[in-house]
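Inspection log for the structure reproduced underneath, given as structure tokens.
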């Protein structure tokens, strides 16, 4: 399991420009991530997804996020997420630990 505090720093540096995590948070360039775990791809209400995201059909969890965050465009070809990914395993673990906590509140 990753380090939540380190994950928060990673989120602020690499994700917060496009995403929010809190309940009722607004969509930015990317969708609000509240209640992400257990949700299927392309299902954040009120966000306009690509067909690739809608049709991927996986449920977000630790394993799927771990793979996606390494290389989003490889995992979901056609996604509009322009982020190149996080290559370091420990950084992905930390970010997922933070997201698991922050998106559940």
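The backbone N, Cα and C atoms fix where each Cβ goes, glycine too.
Positions annotated as heme c binding site by Swiss-Prot: 15, 18, 19, 81. What Swiss-Prot lists as N-acetylglycine is 2.
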Spatial neighbours of residue 15 (heme c binding site) that are distant in sequence (at least 6 apart) but have CB under 8 A:
83, 95
Please give the maximum pairwise Cα distance, in Å and rounded to a whole number, for the heme c-binding set 15, 18, 19, 81.
11
Euclidean distance between Cα atoms of the residue listed as 'N-acetylglycine' and residue 19 (heme c binding site), Å:
20
Quick one: pull the CA-CA distance for residue 18 (heme c binding site) versus the residue listed as 'N-acetylglycine', whole Å only.
22
Whose Cβ lies within 8 Å of the mean position of the Cβ atoms of 15, 18, 19, 81, the heme c site, other than those residues?
14, 16, 17, 28, 29, 30, 83
Calculate the distance in Å between the alpha carbons (Cα) of residue 81 (heme c binding site) and residue 2 (N-acetylglycine), and round it to a whole number.
24
Within the chain of residue 2 (N-acetylglycine), which residues six or more apart in sequence place their C-beta under 8 angstroms from its C-beta?
90, 92, 93, 94, 95, 96, 97, 98
